[in-house]
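Annotation comment: TrEMBL describes 30-504 as domain 'Major facilitator superfamily (MFS) profile'. Marked as region 'Disordered' by TrEMBL: 260-288. The feature transmembrane segment is assigned by TrEMBL to 111-132, 138-166, 173-194, 206-226, 309-332, 352-371, 378-395, 407-432, 444-470, 482-500.
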Amino acid sequence: MKKNFPVGTRYLINRNGGKNFSIEKYRWSVLGLTFLSYTMYHATRKPPSIVKSVLNPDSTQRELGRDGWEPFSGPDGNSLLGSIDVSFLAAYSIGMFFSGHIGDSMDLRKFLTIGMIGSGFFVCLFGMAYFWDIHSMYYFVPVQIMAGVFQSTGWPSVVSVVGNWFGKSKRGLIMGIWNAHTSVGNILGSLIAARCLRDSNWGMSFIIPGILMAVSGLFINLFLVVDPEDAGHASPHDTSSHQEGGDISEDRIALTSAAGGGESMSSMASSDDERASTPGLGGSSRSGFVERHQSEAVGFRAALRIPGVVTFSLCLFFTKLVAYTFLYWLPFYIERTEIGGEYLSAAKAGELSTLFDIGGVVGGILAGYLSDKYNARSMVSAGFVYASIPVLYLYREYGSLSMNVNIGFMMLAGVLVNGPYALITTAVSADLGTHESLKGNAKALATVTAIIDGTGSIGAAIGPMLTGYISSRTNDWNNVFYMLYTADLVAGLLLTRLVLKEIRTMVAL
């Protein structure tokens, strides 16, 4: 048993009579723990979008005596709010490129724990401005920058861990379901923030998610097992454990699990010679173990040369621009849009915006299922982004007719906007991070994921920033939607070459 094996999992194994758990149980625990982790990452990102209307209220709210919070309550309030968003997202996107390489070079469990606790701390600091009566951008901007740096640890880590445990056979569907954590986190953050606003306390909208984030980080440190080989099981990417050039089959994994499911912790500490000669104890040869853990992390240049990395990175730049514009500005937009002849309060607008994220859950699962069924990641991604353009137009033009119409188009937009975003950041990233050109080197998952999501996060920073500028300067949300239509169109066009390649492959079959 490794010295850095999680203390909580070690305790559970001792309670199990010293018998190791099967690979299926480890997989379920990994899915659950990483789901929890990134749910909290997104729960701490959502409060700024909910409190925008309180920090910078409209004229109707001001007439009711709600003056907002300086400096955001001035005439440039939207621009300043956009600056807060871009401070966080710019730091997040820059940090992502470094976090991926660091994550591939150290214990991902410890790396994730540090990121979650640090992120929770700085999210709480932002909320403490309410209690400390702070009104300076010199406070808010540095706090958001540090929160963004710590948040950048999350995505490369969780995708890398999940990629370590699962082969490619059903990766799209599995990760589509698993990626619901993004929307679940958005919903949780929205509901917590909206509830706090009902008590006229926007500070707690940040503090409660921040505390939950830090506590979840400690939980991750106790129980998350990063790699199958750390638990004495075979890696699906171990070249010594599967057929040449392919992933280990699901049947082979099941057989390995059945053989190793009753393995005791003492057998995990058995001699190297015994492990190499006895089937079922580790599920992989000693040479495979050494090759995996002594391989060096893949550099940026090598990762960029993997076919598809650059294309999907640029595509995610535009799809994430759209997704994060909704993440940070949808409640604000709803609160300022007449729906069925009425305007909603900031709290109700925040609660209504969760329906977009519910649609996002469906979109992520549907995109993953279709991409697995037809083995067409590019075609599915392109189809979703093209279909989102008319739906976003319908939402802008007709969403104000009635609540039912608004909800219908909002949820459909959530399906189409979040579908390709979820697919590219999960299954596509994991596919490319274990690409055959790497020749079995498993130390590329976090680096590739960081390149793709880091590029996407630059778009995520630009979208909300431009939205704040456009809505403040022109006072016309039509121009914001024109930006969203254009971004989705470019994202689809970027995938043209890969789509044509997939079509030719299908025709050849």
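Here the Cβ of each residue, glycine as well, is placed from N, Cα and C on the backbone.
Nobody curates TrEMBL annotations by hand; they come from automatic prediction.
A contact links the transmembrane segment (378-395) to the transmembrane segment (352-371), because at least 3 Cβ pairs that are 6 or more residues apart lie under 8 A.
Within its own chain, the transmembrane segment (482-500) is flanked in space by residues 308, 311, 314-315, 317-319, 321-322, 325, 378-379, 381-382, 385-386, 388-389, 392-393, 420, 459, 463, 466-467, 470, which lie at least six positions past its ends and keep a Cβ under 8 Å from the stretch. Remote same-chain partners of the transmembrane segment (138-166), defined as residues 6 or more beyond its termini with a Cβ less than 8 Å from a stretch Cβ, comprise 26-27, 30-31, 34, 37-38, 41, 44-45, 83-84, 87-96, 98-100, 103-104, 108, 111-112, 114-116, 118-119, 121-123, 125-126, 129, 174-175, 178, 224, 226-228, 235-237, 425-426, 429-430, 433-434, 442, 445-447, 449-450, 453-454, 457. Between the transmembrane segment (173-194) and the transmembrane segment (444-470) there are fewer than 3 Cβ pairs closer than 8 Å, counting only residues 6 or more apart in sequence, so the two stretches are not in contact. Long-range neighbours of the transmembrane segment (309-332) within the same chain, counting only residues 6 or more positions beyond its ends whose Cβ lies under 8 Å from a Cβ of the stretch, are 45-46, 48-50, 52-53, 85, 89, 186, 190, 303, 346, 349-350, 352-353, 356, 381, 385, 388, 413-414, 417-418, 420-421, 424-425, 428-429, 432, 448, 451-453, 455-464, 467-468, 471, 480, 483-484, 487-488, 490-491, 494-495, 497-498.
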